[in-house]
């Protein structure tokens, strides 16, 4: 397979310019209109154009990353801005508004303890990604379970590196300390701990004010949890369309709905003080085992079914070759 990374690099300024213009307009319109339906209506042209921008990229990696930034993070933040809810404000400087609206970042509360950057941890993860990419060369000789394990490690480490690099670069440029995106998900003691406090925290942070809090306040915490996971499933289903370039199958939505129901039941169970709970030492194994098992059943099949995973692997190997040219 041939991948024209040079074409995507050529198209990247076009994508950046379009995103800049749309978000600049969103800031301008929000500064001129009062919060409410009129401000929301003024932002609809921006929100309706977002889904088309990622298709400027031919590679899956750039297409899905840009779709995640614009069609999930920016979209939800602009919806909150329509009703004058944080994290965005029209009073923010333009560069800050552009960064905080479209990127997986959140300014750190000055009262919170500082985040310690570990160069060793970053180097270790980068080395692990390189090892995984190298093993992919022998993918056809490996069992499906080993390949699936590699995909799980690849998903976590690559996502962590991409989000961390984005946040670190923007934080350095804006001279602002930012919240971490991950918090050692491999130590998760429960589904609530995994999804709410350790995995992809920027998504959790944007789903709370947009979905969880409104539903919880009206229908209770269990309904809030299930609705939040249902929305996450719909958004992941949407993002998968950028990966597979095929119609949704519903499996990814079912994966997150299942986790929403299980997370809600888990919260209900632990509220009963005298009921049995697993020993602390085995909770991470049970939690990660459940995530991996249900992921094997529902999350990965849409990618595996039409061999999109082979394209992703080929892109990774091509990226190594492209990087060696520099």
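Positions of Cβ are set from backbone N, Cα and C atoms, glycine also.
Looking at 117-136, 177-196, the range annotated in TrEMBL as transmembrane segment turns out to be 117-136. The feature transmembrane segment, as given by TrEMBL for the ranges 88-105, 304-321, sits at 88-105. As a quick check, the transmembrane segment (88-105) and the transmembrane segment (148-174) clear the bar of 3 or more Cβ pairs under 8 A, pairs 6 or more apart, so the two touch.
Per-residue confidence over the domain 'Wax synthase' (179-257) averages 97 (mean pLDDT, predicted model). Ranked by the number of CB pairs under 8 Å to the transmembrane segment (148-174), the listed stretches 37-57, 222-245, 252-270, 282-300 are led by 282-300. Residues in the domain 'Wax synthase' (179-257) partition by DSSP class (helix H, G, I; strand E, B; coil) as 61 helix, 0 strand, 18 coil.
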